[in-house]
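**Q** A single structure is presented below for examination.
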Protein chains: 2
Amino acid sequence: MTRITANEFSGATFRPQQFIQTERRNSKLNIEQLNLFVESSPENAQLTHDLITQVTMDPVLKTGSDYYELDKDQHRKATALKIAKMALYMEQDIQMAFKRYRNHDVVKSLQTKDDFPILTAKDLAVFDKRLSIISNQDPQLGTRIGVHLGLFGNCIRGNGTDKQIRYWLQEKGALFMKGIYGCFAMTELGHGSNVAQLQTRAEYNSKTDSFVINTPDLPATKWWIGGAAHSATHATVYARLIVNSKDYGVKTFVVPLRDPDTFQLLPGVFIGDIGAKMGRDGIDNGWIQFQSVVIPREYMLSRFTKVINDGDGGNPRVVTEPTLDQISGYSALLNGRVNMVMDSFRFGSKFATIATRYAVGRQQFAPDNDKTGKAPETQLINYPLHQYRVLPHLAVVYLISPVAFKLMDTYHTTLDQLYKVSSAGNKHQLKPVSIKLKDLFIDSASLKATNTWLVASLIDELRQACGGHGYSAYNGFGKGYNDWVVQCTWEGDNNILSLTSARSILKKYADLAKGNVQESESFRYLSPQLVMDVLKGTKSAKLETLEDYTEVWGIMLVKMLHYCANIVKQTKSTDSISKHLVMVSRFHAFHSMLRAYFLKLQSPSDSHVTDENSKKMLWNLYRLFSLYFIDKHSGEFQQFKVFTPDQISTLVQPKLMALLPEVRNECIALTDAFKLPDAMLNAPIGYYDGDIYNNYYNEVIKNNPPEADGPGKPEYHAHLTTMLRRGFQESEDLGKLGT
Amino acid sequence: MTRITANEFSGATFRPQQFIQTERRNSKLNIEQLNLFVESSPENAQLTHDLITQVTMDPVLKTGSDYYELDKDQHRKATALKIAKMALYMEQDIQMAFKRYRNHDVVKSLQTKDDFPILTAKDLAVFDKRLSIISNQDPQLGTRIGVHLGLFGNCIRGNGTDKQIRYWLQEKGALFMKGIYGCFAMTELGHGSNVAQLQTRAEYNSKTDSFVINTPDLPATKWWIGGAAHSATHATVYARLIVNSKDYGVKTFVVPLRDPDTFQLLPGVFIGDIGAKMGRDGIDNGWIQFQSVVIPREYMLSRFTKVINDGDGGNPRVVTEPTLDQISGYSALLNGRVNMVMDSFRFGSKFATIATRYAVGRQQFAPDNDKTGKAPETQLINYPLHQYRVLPHLAVVYLISPVAFKLMDTYHTTLDQLYKVSSAGNKHQLKPVSIKLKDLFIDSASLKATNTWLVASLIDELRQACGGHGYSAYNGFGKGYNDWVVQCTWEGDNNILSLTSARSILKKYADLAKGNVQESESFRYLSPQLVMDVLKGTKSAKLETLEDYTEVWGIMLVKMLHYCANIVKQTKSTDSISKHLVMVSRFHAFHSMLRAYFLKLQSPSDSHVTDENSKKMLWNLYRLFSLYFIDKHSGEFQQFKVFTPDQISTLVQPKLMALLPEVRNECIALTDAFKLPDAMLNAPIGYYDGDIYNNYYNEVIKNNPPEADGPGKPEYHAHLTTMLRRGFQESEDLGKLGT
């Protein structure tokens with residue numbers, strides 16, 4: 001209230017702050033250890049903390065509630081300013097990574113000295129993490145830099161020769177956000193998922209030893225290209241390689257778009273803005289059409305496919321390394337998928353914190369047994385339905401973290417191996433690396449799809465759990481949802497990714513009969529012993545030991561795969577089971593998440609959790625996650641006879657409902673453990689002090705000063721008063737007009 | 001392409017237009033009859049058609065793709081202009097309703113003549129429908145007028161005496177959007193669902209025979225009040241009636257806020273803007289605080305509760321009609337809930353049309369058996385998974401229509417009865433009306449919650465089914481979703497509504513044992529015979545006759561209610577079953593929807609469908625709806641032993657999968673039957689001619705002209721070029737600084 005101090009709450013005696021303080025006082029958890037658990041190590045936890053502090057304090061990077069008021073143009077301008085600031089942080093990060101901070105300009109050496117090493121992912125690790133952290137605060141900024149470094153940069157890294165990598169990324173400066181700014185021109189108006197059918201053409205002209213890039217028709221227009229509308233100077237273009245009229249399929253090319261000094265479009269390049277989107281309006285997505293744009297042969301990325309010109313303009317040859325050529329075409333997308341799993345953890349933790357704190361602070365309705373009418377109203381979190389609506393999402397966030405760190409690790413190891421093996425031309429080592437890469441494709445696809453969907457539901461359901469106040473722009477759910485859900489579509493549509501990964505899993509299952517045993521941790525449920533036991537009926541689902549909570553998903557998967565394999569055998573088609581296959585991918589992800597969490601928590605050195613209460617609560621979250629989704633998917637669990645109907649009623653649901661009050665008792669500590677400062681949450685109903693109503697009111701007032709003395713006429717005042725004041729019509733005497 | 005004509009598609013040979021034309025050519029359905037079915041009668045269908053034409057053609061009301069570019073202030077201004085235009089249509093609608101168009105100003109008579117009748121809902125029926133139609137085009141406009149007429153107006157109608165109704169709504173002109181513009185000041189910062197605990201105070205001062213309105217503390221601030229920020233001159237305020245220090249609970253009062261001429265705030269009224277929201281930014285939601293605002297006693301709405309002052313300032317008395325007083329407090333919300341079910345039909349039909357047409361026109365990936373690489377790519381709609389993702393939503397839309405019209409009808413009949421009975425002071429007729437009202441509360445709550453949720457999922461899932469193009473603002477899903485989802489929260493949070501209605505249903509179930517038989521069509525499954533047969537096990541679920549597809553839901557409900565009743569008997573609490581109760585409400589809604597659809601389609605005179613193919617397809621949709629949700633809820637169906645696991649695998653799922661290709665064959669005709677012109681869809685990937693790529697490209701270009709010759713420098717150009725051009729740092733020789 002403008003004229004009443006914050007403490008003067010009367011009447012309904014709301015006490016949000018006291019409630020949150022009480023929770024903190026009563027907590028038996030060790031927040032530091034929990035934080036180490038979700039951040040994976042003391043070093044990581046410290047780094048995360050430092051980076052969060054920097055991005056939320058930096059005067060350019062910080063994001064307040066006015067962020068929710070910006071229109072498209074303002075978002076774009078603010079994002080550009082932030083990109084420029086991030087470039088400065090980047091140089092510092094690289095300087096520090098080389099431990100050559102003093103007396104030496106590392107970037108200069110990287111750009112100018114041929115004997116300086118090519119930058120590795122490890123050298124960029126701090127900046128990558130910085131980007132991941134800032135994406136949690138401002139996702140569109142993360143994307144804009146991510147398109148340049150992660151897509152444009154990784155496309156060159158994955159498909160370019162060592163020389164090309166050094167040239168574009170280091171000498172020309174792309175890796176340091178200097179000299180050139182890149183975009184990733186893969187998707188076309190007519191083709192998204194089906195990359196192999198992209199229609200942009202790159203025709204080789206042997207006389208000039210160059211390629212001519214053309215957009216043959218409207219659907220071949222490059223579309224959705226982040227950064228193209230106003231920022232990018234160069235693009236990695238996916239186009240069909242045509243040599244002597246023969247089509248060699250889709251390859252990648254670096255194509256300059258604009259003069260980096262004047263930003264003038266180069267000859268034959270036509271570009272427009274894609275305009276308004278559901279979210280992330282800070283990204284200048286654009287379309288590009290090419291009209292006979294010429295680039296030198298050397299601009300084709302040629303690690304796995306080369307066009308060789310013998311010099312006399314005669315017979316150019318195309319040389320390809322078939323195994324890796326196809327995989328590498330998609331490898332730029334791998335990085336994005338791996339990052340999206342980490343994003344799911346961070347973005348989810350933000351909204352879980354907001355909704356949990358609101359649920360503890362908000363009261364509504366007196367208890368049923370209150371006859372006096374004077375009892376304080378009940379905190380939302382004390383309603384069993386509300387616990388069911390909020391707490392499983394908290395478990396989801398905890399369960400994403402271990403698998404996200406593990407996937408990131410596997411990604412870096414595998415890509416390093418690929419890079420080394422292919423640089424060394426070590427042919428007989430290609431096979432094991434390509435198997436690892438394929439497994440990584442399955443895992444990252446299934447985890448990307450599953451977790452981006454989980455977080456989309458999380459934001460939506462937690463917004464609803466915050467009632468009307470969840471609909472206010474200032475509490476972040478609206479822009480959060482709008483920004484988030486594109487993750488379910490881009491860099492692999494979730495349904496397509498699920499189908500693709502499930503088909504590969506089904507194939508692995510079928511290969512078991514041929515004696516192909518899976519060694520990877522992700523496919524543990526395909527061990528011959530388990531499969532045999534499940535199919536023979538000697539292994540059945542139970543929920544006794546902690547392992548059981550993971551293993552039920554393995555049993556479920558085996559039974560479903562068996563069912564699907566039979567149908568494919570009969571019908572020679574996966575048509576009738578596509579709906580089941582989407583579930584196979586989802587359940588595979590659940591299994592991986594539970595397994596990674598289990599292994600981590602079981603090991604004191606990995607988990608960093610020695611406190612018994614904290615450990616116990618973390619196991620509660622593990623069980624809650626498993627039970628919540630068994631119950632959600634009880635249709636499948638019963639249909640495939642993993643559990644009987646009675647087990648659902650007497651085992652699964654009672655265990656689930658019994659866990660909720662236990663987790664409820666520590667829900668504030670569990671969210672405090674994410675250590676997200678208010679500035680990162682940017683949602684006043686979720687601020688640390690729990691002073692919901694004052695915080696929220698203050699943000700509203702800050703952005704919308706109350707109506708001053710005197711008429712607060714809106715711009716449209718005249719339209720309304722004219723309407724309200726209009727009088728009666730004088731009735732005509734129609735008789736006067738004759739008949 | 002800017003320089004290529006639309007017909008020059010080559011390469012991938014996309015033929016979206018031809019695909020849609022082929023569907024239309026091959027259709028065997030009678031679109032006119034289908035349209036009559038969903039619009040409920042020839043008169044209604046014609047009226048809908050005329051109104052759609054007017055709102056999409058009117059130069060002020062029409063809404064093009066530039067709508068998606070507007071910022072908050074622009075939306076507000078555009079909405080005000082549209083309100084003023086709608087006021088003119090309204091006068092015409094009333095004039096026509098009185099069949100006194102010639103030689104007579106009906107509005108003038110209504111405003112000035114005491115012997116003129118009070119306007120009924122029927123007199124306003126055409127305008128109500130106009131409002132419903134325009135809400136489909138511009139939901140925020142619908143809300144702004146809806147708050148004034150539907151909430152402010154119905155609050156007066158439901159709680160005012162006949163004199164008060166005539167005074168405020170007719171003489172002062174509110175009903176004609178003249179003189180005053182109203183808002184509905186119920187919700188407070190601290191109280192949403194719990195209306196009984198609202199804290200604003202209206203204290204009676206017997207000396208001045210007036211009320212003093214006060215906001216006692218910050219959480220008692222009126223919050224979210226649509227129209228308050230800039231437009232409203234008056235509010236119906238929910239406040240605690242205090243007489244001689246005694247609190248009589250929450251009653252309703254008309255409180256003037258602003259001078260209607262100058263828009264100056266009246267003394268003691270403090271107002272601010274709530275600011276940015278997830279959606280519907282065209283609504284000027286505001287907050288209001290009252291500081292000793294005085295209104296005459298007569299401004300309390302006194303149909304059921306009166307303060308009587310004997311004239312000497314001595315002992316004022318409070319007289320209440322208890323049965324109706326409580327119900328009527330909420331009756332203003334009934335109208336909104338009933339309308340939201342109709343909105344669900346209309347809004348759903350829009351997005352079902354867009355996504356279905358896109359699925360038919362969009363191609364991606366060649367068929368699996370194509371070895372040539374030359375086969376045209378497959379239409380999305382031909383993938384079984386895509387059929388499963390899209391077509392059930394089409395069935396959902398069809399299934400909402402009959403129940404929406406039925407509910408609207410019941411609402412009008414019941415409210416008319418209530419009004420007559422209470423005007424006549426006919427005490428012994430109050431009981432049957434109050435029973436009907438209570439049933440209406442249950443049905444409208446469960447249908448509002450269920451259908452607004454269904455449509456939220458529909459928009460979200462269909463957006464994903466349109467891939468990246470669904471994320472473009474110009475295809476409507478983004479704003480559509482953002483505008484829509486508040487329907488799941490306002491005027492009764494969906495979870496709370498579900499719990500409330502399920503508790504009432506559970507009570508009805510318990511009352512059966514006392515011999516209380518339900519006669520209403522909605523509670524048909526509570527017939528003693530059915531309940532007994534189900535519990536004895538002599539009645540089991542099957543899917544043979546058409547009735548069976550409704551009855552399985554009745555059987556499901558009986559089993560679930562039986563289970564819940566037992567738990568309540570044991571635990572004396574509904575705590576552990578609140579999750580099940582939400583399902584009871586949902587299943588009750590499904591049952592009502594299927595029943596209403598069944599009865600309508602079975603009757604040729606109600607359905608207006610005589611064409612056999614059309615009828616057959618409508619039955620397919622009916623079965624598809626039932627099967628889709630049985631499968632979605634197969635967890636419950638198995639757990640409560642309505643179906644066995646094997647029945648799910650061999651009966652439910654095969655039937656479901658077999659229906660999809662049948663519905664797919666007529667999916668274009670089924671969406672054409674909604675008869676939504678392109679201007680209403682406002683989403684180029686869903687336009688009638690199916691020319692997806694050209695239409696979409698053209699809208700993008702219209703709103704974002706391509707980059708002209710010369711540098712297309714964005715506003716932030718300098719920030720980027722400065723960043724890209726930055727040079728190396730000169731390394732300091734730190735040695736010079738000494739140690």
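From the backbone N, Cα and C atoms, a Cβ is placed for every residue, glycine too.
Dumping what TrEMBL says about this protein:
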type: DOMAIN; residues: B:30-170; note: domain 'Acyl-coenzyme A oxidase N-terminal'
type: DOMAIN; residues: B:183-293; note: domain 'Acyl-CoA oxidase/dehydrogenase middle'
type: BINDING; residues: B:Thr187, B:Gly226; note: FAD binding site
type: DOMAIN; residues: B:330-506; note: domain 'Acyl-CoA oxidase C-alpha1'
type: ACT_SITE; residues: B:Glu491; note: active site, proton acceptor
type: DOMAIN; residues: B:546-724; note: domain 'Acyl-CoA oxidase C-terminal'
**Q** Taking the domain 'Acyl-coenzyme A oxidase N-terminal' (B:30-170) as reference, which of B:183-293, B:330-506, B:546-724 has the most Cβ pairs under 8 angstroms?
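**A** Between the stretches B:183-293, B:330-506, B:546-724, B:546-724 has the largest tally.
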**Q** Are any of the recorded positions B:Thr187, B:Gly226, B:Glu491 near chain A, where near means a Cβ under 8 Å from a Cβ there, and if so which?
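**A** Of B:Thr187, B:Gly226, B:Glu491, the entries that lie near chain A are B:Thr187.
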**Q** Using DSSP, how many residues of the domain 'Acyl-CoA oxidase/dehydrogenase middle' (B:183-293) fall into helix, strand and coil, respectively?
**A** 6 helix, 53 strand, 52 coil
**Q** Rounded to an integer, what is the Cα-Cα distance in Å between B:Glu491 (active site, proton acceptor) and B:Gly226 (FAD binding site)?
**A** 12
**Q** Show which residues of the chain containing B:Gly226 (FAD binding site), separated from it by at least 6 in sequence, have their CB under 8 Å from its CB.
**A** B:Thr143, B:Arg144, B:Val147, B:Leu151, B:Cys183, B:Phe184, B:Ile283, B:Asp284, B:Asn285
**Q** Using DSSP, what's the helix, strand and coil tally for the domain 'Acyl-coenzyme A oxidase N-terminal' (B:30-170)?
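**A** Within the domain 'Acyl-coenzyme A oxidase N-terminal' (B:30-170) the tally stands at 106 helix, 0 strand, 35 coil.
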**Q** For the domain 'Acyl-coenzyme A oxidase N-terminal' (B:30-170), what's the model's average pLDDT?
**A** 93
**Q** Count the other Cβ atoms sitting within 10 Å of the Cβ of B:Thr187 (FAD binding site), across every protein chain shown.
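**A** B:Thr187 (FAD binding site) is surrounded by 24 other Cβ atoms within 10 Å.
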**Q** For B:Glu491 (active site, proton acceptor), just count the other CB atoms lying within 10 A of its CB, please.
**A** 23
